[in-house]
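Have a look at the structure below, then the notes.
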């Protein structure tokens, strides 16, 4: 039966005369990215609703800063989790690993006065080692990731309690705490806005526009279809407007939080890796069809292993950011973080069978959850209802995905 | 003698393909009736029509069983009438017991509660009928394939079978188990059960069958009486059956080929020596057994063999040991021994393998044409690990044009393409790698005639450029039309090497149906 639909489809391809109209291009692009645009629209809607409902508190500079700081560590985890899910796996241990790394940081910095930059490096190494441990069992021994990381979830949680002996550890050095709650220092003459943040905003705009322009030039050079110039300007203007609005909002408070810069850096790096590098391709191929990837020369075991090492590293970073924000290491840190990260990835367009998803999608998914959390708290919805609503949003997002796929008929 | 089954003018069409065209099949009461034909001749389709896998209404023609016209809407309906089919891939649940498997979907239960005593009692009785002494509580996974086959038959008996259909029942069995199975069929015949057996092994057909029907290209060619009485010697020779199976003209289905005229034209590009592979699970069985072959530059060498002959297993094992357990053998490239322990190693030594199963082993169906083509050769479109997407699309675009891949853009999802176009994507992928030796496994399976011709042209071009091509196919006509030399395999062994001039379908079929241990 399936061959029937495939045959009729390929039998009548639309004629390709090389210059499709703006409408066709828009429709094509929308259709190809319906999931991501869908969630972007949903995110915008959620923001508007809570902005009105909360009497304009949601988008106040202070609250936007809060949003970034409250969700930074979940977003970091979501990036790693997205990659794990694209590769066709899952990681249930990241919440425990966040706690474990926090505890380890506490032991180093609070108990033994290790200088914080050194402690940060050691913590990241511990995270990578934990990831390597799990990756070894998954990639080379062949134990399903669900089981290995379920074991990891218990092991790391127990390890946290052993390290902390059931107590919380504080205080952490101020320098360390800055990586989460610090802001970029103000520089230059007094203006109404925070100067460095505005400069960064402008730089981001310039980089984004340049990137778009270069991509366009290259596509033209390779004689591929390019977006009509009018539409191109509209797109660039939209990017500039969004970035500058965000930068101005942050600048009228303390400026950009350090955590935001870390997050933005990760987003750029991992988007690039997943989109543009050979390794990224191999991850997608592996999750999309493991036997085919293997027969195509992808070193499946090594790639799987590296994906988990990376997840461990990011979980450690999230653990550091979380501990720095809280100012203490506690045995119950990071509870259910893995579930939030997994939910963010699926809301952001990951496929449960692997091979599909984008880093940007994970960020959007994480923001949907984050804005929901924050917005619902602002308007006084109790945490019990918050959970119900978040659960339903997850179900709706994935349900929409499946409905959409069936409609397209693939 | 009465006919238990009459299938009249059965026609079954799939989109673009006529799988069965006006097929007739008459089965006499209490006989063993063999059905023969090449792969793709329509045998399995016919049996699926009969058993209701393709429900009434999805085909044309009549089925009359025991004098009544039947319109089965699913397998359950045909089983209720006593028609039971045992597929080539056994449908047993490995971790359930024999008894549980026998009565799966048909449990001895009252109000949803299973009566284990009754189940075990019946199961024991059924096992005795098929000659198994195992306890019915043994897990199916713990008994060999031969015995599993018998469990399937016991399962069929539990449904009060009147017509038993076996699809290649001995393909995975060793001689001893095959012999037992055939004896069992003869016993059933004595008990009045009619039987249809689909088999490639002609000696088995001559041993047990009363009549044989030959299918070719979805049509009934002929029905012959093998023996009038159970004890009589068979009247039909193997050659006679083979002639029926292959008797087809070779018209202009194959493009012309320009011979390769480089200086190294007669040099051996790849040689395999003494290659042996064990079955991944069944450690007793060698799926490839001491195979040696070679292919020269600019040469197309075929490997013929029936299902289960070990052709794919050989290819996949040579290509980075991607199948089974390698137990011995060497690969030479241009006279030097090379290691192909992993797929990247094999690729590095200029070997490419285009898989038989595009959907499961060849393509990432969710991904675009462009990304599928580049996957094996990303280094060629990347600098320092960063993929140049524009270069990648340009390469894909080039293949889309030269290979005539019918898709609006190279950003189309591969899953949406037809089989022929998917195959062109897989071929493009491997051609872009730039290998010296290409192993093509059933490159035209499930592809319409037009696309086949295009793929033949591509293969000829590759040979004309001096590549060495190994062409695995189940379609003998295709091998005869394309290859310079043809190896034949049966039961994991090389059974013959036939140069083009001497190759005919009859000769090949004789080598391919040669059983283990036969010589000469």
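Backbone N, Cα and C atoms are what each Cβ position is placed from, and that goes for glycine too.
The region 'Disordered' annotation in TrEMBL covers A:1-20.
The list of residues near the transmembrane segment (A:37-54) in space but at least 6 beyond its ends in sequence, with Cβ under 8 angstroms from a Cβ of it, reads 30, 347-349, 361, 364-365, 367-368, 371-372, 374-376, 378-379, 397, 400. Look at TrEMBL and you will find A:37-54 (among others) tagged as transmembrane segment.
What TrEMBL lists as transmembrane segment is A:74-107 (among others).
Residues or ranges marked as transmembrane segment by TrEMBL: A:114-131 (among others).
Annotation comment: TrEMBL describes A:137-156 (among others) as transmembrane segment. Among residues of the same chain six or more beyond the transmembrane segment (A:137-156), those with a C-beta under 8 A of the stretch's C-beta atoms are 84, 89-93, 95-97, 99-100, 130, 300-302, 304-305, 308, 338.
Below 8 angstroms of C-beta separation, residues 22, 25-26, 64, 197-198, 200-202, 204-205, 208-209, 212, 216, 219-220, 256 of the same chain, each at least six residues beyond the ends of the transmembrane segment (A:226-247), sit close to that stretch. The annotation transmembrane segment is assigned in TrEMBL to A:226-247 (among others).
The transmembrane segment annotation in TrEMBL covers A:253-273 (among others).
Taken from TrEMBL, the feature transmembrane segment covers A:303-322 (among others). Long-range contacts of the transmembrane segment (A:303-322) within the same chain, counting only residues at least 6 positions beyond its ends with a Cβ under 8 Å from a Cβ of the stretch, are 72-74, 76-77, 79-81, 83-84, 87, 89, 91, 93-94, 97-102, 105, 120, 123-124, 126-132, 134-136, 138-140, 145, 179-180, 259, 262, 266, 279, 282-283, 286, 333-334, 337.
Annotation source TrEMBL lists transmembrane segment at A:342-372 (among others). Long-range contacts of the transmembrane segment (A:342-372) within the same chain: residues 35-36, 39-40, 42-43, 46-47, 50, 58, 67, 70-71, 74-75, 77-79, 81-83, 85-90, 267, 270-271, 274-275, 284-289, 386, 389-390, 393-394, 397-398, 401, each at least 6 residues beyond the stretch ends and with a Cβ under 8 Å from a Cβ of the stretch.
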Using Cβ atoms and a strict cutoff of less than 8 Å, what residues sit near the transmembrane segment (A:74-107) while being 6 or more residues removed from its termini? 119-120, 122-123, 126-127, 130, 134, 138, 145-146, 149-157, 159-160, 163-164, 169-170, 172, 176, 262-263, 266-267, 270, 274, 283-284, 286-287, 290, 303-304, 307-308, 310-323, 326, 328-342, 344-346, 348, 350-359, 361-363, 365-367, 369-370
